[in-house]
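The CoA binding site annotation in Swiss-Prot covers Arg205, Arg206, Gly207, Lys208, Thr326, Arg601. Among the features that Swiss-Prot reports, ATP binding site is placed at Gly402, Glu403, Pro404, Ser426, Thr427, Trp428, Trp429, Met430, Thr431, Asp517, Arg532, Arg543, with the record citing sequence analysis. The Mg(2+) binding site feature in Swiss-Prot is assigned to Val554, His556, Val559; the stated evidence is sequence analysis. Taken from Swiss-Prot, the feature N6-acetyllysine applies to Lys626, supported by sequence analysis.
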Amino acid sequence: MSLKSLEKETELPFDEYVLNDKWRHKYTPIDTYFKFHQQAIENLESFWESVAKELEWFKPWDKVLDASNPPFYKWFVGGRLNLSYLAVDRHVKTWRKNKLAIEWEGEPLDESGYPIDRRKLTYYDLFREVNRVACMLKCNFGVKKGDRVTLYLPMVPELPITMLAAWRIGAITNVVFSGFSADALAERINDSQSRIVITADGFWRRGKVVRLKEVVDSALEKAPGVENVIVLPRLGLKDVPMTEGRDFWWNRLMQGIPPNTYIEPEPVESEHPSFILYTSGTTGKPKGIVHDTGGWAVHVYATMKWVFDIRDDDIYWCTADIGWVTGHSYVVLGPLLMGTTEIIYEGAPDYPQPDRWWSIIERYGVTILYTSPTAIRMFMRYGEAWPGKHDLSTLRIIHSVGEPINPEAWRWAYRVLGNEKVAFGSTWWMTETGGIVISHAPGLYLVPMKPGTNGPPLPGFEVDVVDENGNPVPPGVKGYLVIKKPWPGMLHGIWGDPERYVKTYWSRFPGMFYVGDYAIKDKDGYIWVLGRADEVIKVAGHRLGTYELESAFVAHPAVAEAAVVGVPDAIKGEVPIAFVVLKQGVTPTEELRKELREHIRKSIGPIAEPAQIFFVTKLPKTRSGKIMRRLLKAVATGAPLGDVTTLEDETSVEEAKKAYEELKAEMAGP
């Protein structure tokens, strides 16, 4: 069946151009930008080579791009480098030696509202710690080039330190998000064939202790290949189970390693894997996405410069958990490659009060904020008073990541957080791309902003929107997002499964990388990513994207957040239902429910009218802020909930169940 546009797309502001005086000196005409972009595409290898030369290589490459065996592309073939050296050593040789690299804040606050746990690390501190941990891995446990090291750690400085230490000796990191279950952890350990795991006794989350070591112990019952476990005493718990001969305390190991220890960085090949990161598919077991070293470094370095316009006095904060790819690229590697100062925070965004993030921005003078649309929508619900209590005037750039941002959330953040003076962009990329692909780029050429768009593709990335047959669609028509040429940060494959790599990404449209997202390209060349193509509700043959419906809900002045899922229907095949969180002070009524139905009919069309609307006070989300729509669908269909270990707040599911049962009973009548 051919892909059809909706009768009426969600109202997207294709022609709403936002300018502000603070950035006027940076503005570039759209056609000027695309001329530069086209030149980069036509001279792809020389373009990326010029970027790569800005980094230090132990040995230069012999060939920029080896395309002899597509889709197994190789970048900077013959070149040798080391990520730890690039992120730490080279700064220690300069004035940045005593510059702050990381300011870390734990979740607990004292009675005055000041953080109890704070740490500051200069680039020299980081250099010393990375070398000591590299020695711990290499000298104590024999970790060598190519070995996989699994890290199951919270958001503490030891996580980026250990990643850099592993890369220093040529090991491959396998970071597992600390919210994953024992089964999920075991699966990732086994697939990567890790023989060492690094974890912590626990950490703070919403004022509660989350124990980690016990999860590791349960996982290792199903992962017999692990020989050693290193345990960081984050909380100093006294009752942590330790297996003699296998488990070791981090601090005791480090006591035997002198502060001036130096481990020579391993000069690894450009195509040497730096990390494996597992990402869930719609079917089957998680995919172990593999990224190389040289191409990934060049991609992340370039996009940090272009997208974030890094300056020497910036205080940068990416709120992502390091267990996700955003944390790998834009918490660990990117800011340290640039020699900037960054914030790392352990806890929940709205604990103990909804202004926790705003207090952090004010306390440290954050200038660049990189966060998620889900977080922005959550803060919208709390209202403008909370950010209004704090001085956010240091912010000059805000970017979002992780999912499409609806225009209403964009406008709110731009006005309330940025005081209409920031450069604001919605970046698009994914685990497989390794770094940002589509975004406004205030560090390069800043074209006019549009609320809700991802902006134009960055230089060196040939992005298009195509139909079912792989042909480009006209401006304003929905299609599939693809990348037409290889790029440096692209995945190196799927760990141990090259056939799955080809089938998943390269078979749908031969010669093009299939992203799996719907998108629209407007007449100016800006890309509007609409969400996953598999997050589609098919109503009587019409395809409705969940993003389109949710954006329409949030555009209503009473709505803070919304999640839409499809449920089976005997006549239409499938119909949408919505779980809606109202703004504070708004009362849920039947009249409002009718008003929202009519609002959706007007915004999208009668075909999109939800069969049911449930009012809830919270949506089920992961700790990284992503809405767990599958749980809502399970509630509505009576299906098993499945794995809920990444769920931030279990009461959100119970509330959804209650709302569903109450409305169902009400509709059934006496």
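The backbone N, Cα and C atoms fix where each Cβ goes, glycine too.
Maximum C-alpha to C-alpha distance over the listed CoA-binding residues Arg205, Arg206, Gly207, Lys208, Thr326, Arg601 is 43 Å.
Each of the recorded positions Arg205, Lys208, Arg532, Arg601, Lys626 was scored by how many other Cβ atoms lie within 10 Å of its Cβ, and the smallest score goes to Lys208.
Contacts of Pro404 (ATP binding site) defined by a Cβ separation under 8 A and a same-chain sequence distance of 6+ are given as Pro373, Ser426, Gly452, Asn454, Trp528, Val529, Leu530, Gly531, Tyr547, Ser551, in order along the sequence. On its own chain, Thr431 (ATP binding site) has Leu277, Thr279, Ile289, Trp324, Val325, Leu491 as residues at least 6 apart in sequence with a Cβ closer than 8 Å to its own Cβ. The Cβ neighbour count for Val554 (Mg(2+) binding site), using a 10 Å radius over every protein chain in view, is 23. When the Cα atoms are compared, Val559 (Mg(2+) binding site) and Lys208 (CoA binding site) turn out to be 30 Å apart. Here is what falls inside 10 Å of the CA of Lys626 (N6-acetyllysine) among the binding-site residues Arg206, Gly402, Thr427: Gly402. Cα-Cα distance from Gly402 (ATP binding site) to Val554 (Mg(2+) binding site): 18 Å (rounded to the nearest whole number). The separation of Thr427 (ATP binding site) from Val554 (Mg(2+) binding site), Cα to Cα, is 20 Å.
Annotation note: Val559 (Mg(2+) binding site) sits in a strand segment as assigned by DSSP.
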